[in-house]
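Below is one structure; the comments refer to it alone.
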Ligand SMILES: N[C@@H](CCC(=O)N[C@@H](CS)C(=O)NCC(=O)O)C(=O)O
């Protein structure tokens, strides 16, 4: 999913009009609302969306200074590293392993609630998750749990068919590779 | 929106269910002021509203009454907490609420209550293993899901979380809980929700598990007057079949369950039977002591006492610094006497409390058959003896005569000069 598509998805998710979202000459994503109000850069755009939104995820993302700072870091990471990296065979493996490890002890990326960070990483990693075979998913059960949790929210899946994680119930007899 | 008053004592995990639910829904739930557990909930006025006399209990602003913590939590919750619009998720919420009551709470109580001193420690107890099985089940479930029912926090999470609080607070030290990574993740997630933090304040996850402390149990007995010790007798009269069917899903019933276990144990023979029977007759002495003045009964004691087969002991309570109210200390002594019931035939004691509220000591003179500490003879008797220092007295010495005379006649002062306040006779 390209940056432009992700911004539109997230705007939808937050219940905010995306305005005109496009890439400028330097391939940087921009958002224009009204006549000449343009914001530039993925993380900055998402923050502007969050400010306009009353949704749970948007409010959580700005609950404290620390949360705000951590969310910002994940937004940068999602656009600069996750999205491009998930197209590379080796980097993507590492990404999956790292996220899986992170979700052993956490339910969400920042704090203990859904934030923009989850949404940005979710859409950045979506195509990669979609490409995984059931057996692959067996290796990333913690990541799968987080992903499945998000995709079940109607505002997140936005009508797309849900990825199938039911095979994770096989881990009962598949040997313990999940941690 | 639900509005009303919640009756509970502080930090009641059952009350937390409703209080957390109210944080989510915005229901106005006020905790009753001046609630005194055991008093308020046993008053005629309370029993008229809530016949079970149990807490938590909820009185709505328009004068309707609800008991049972799960029902109260349901009432003050909102649609999301009840499982949303989908009947299947609603049913899942019910599933976990039942699971909490039927699996978690009994296992947790059986493990934690003896350590808190509110239930006796049972030998060969499988409480810990039973609890670990339940935790493993939750741990498996929470590998695949973020919340227990649906994709939002619901009463399933709130009720299961509340029911796990004692375990996470008192016994799940790091080395034990490390086996339950998914459960830990979920627990920390729920604990840190602002709505939960508003209710469960300053909660600290266990660093070091509690260990059984006989002193705590003795103190609890003191506060409750050893009430539950009297129950086995009534229980024994019931048919064994009924006993097995008894449920054990709450503290009060837990106590019964512990008693049942005791009652079901084969009656041990009198442990004193193994000892030679001397010439000193306890029944005769007790009769004289009860009916005659000390000027008569104390000389009678020394005249008849058989030092070959009987011994005299001085027992001093180890934790005098912690004694507070006189009536509580007296309950401590009575509770001990009740637990030692089977010793009565072959023992006699006068235990005295010296001093006043917040400055008192307990000590006593004991006489029993045999030359060793009698308490090791039966597991029933070992609850209290560890909280006393025991000294065997030389029956011939003058000092012993003085001590016996003082204690049998309920007079004098302790070694620091605190005046005699009250005495209790074990006979
Ligand atoms: N199933 C009830 C249990 C309530 C209960 O056992 N309450 C205890 C205190 S935690 C109580 O009030 N006991 C007083 C009594 O049994 O007389 C619930 O969940 O509300």
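Using N, Cα and C of the backbone, Cβ positions are placed for all residues, glycine too.
TrEMBL: automatically predicted annotations, no manual curation.
Note on TrEMBL: of B:154-187, B:188-221, B:222-255, B:256-289, the range annotated with the feature region 'Disordered' is B:222-255. With DSSP states grouped into helix (H, G, I), strand (E, B) and coil, the domain 'GST N-terminal' (B:2-84) comes out at 30 helix, 16 strand, 37 coil. For the domain 'GST C-terminal' (B:86-212), the model's pLDDT averages out at 95.
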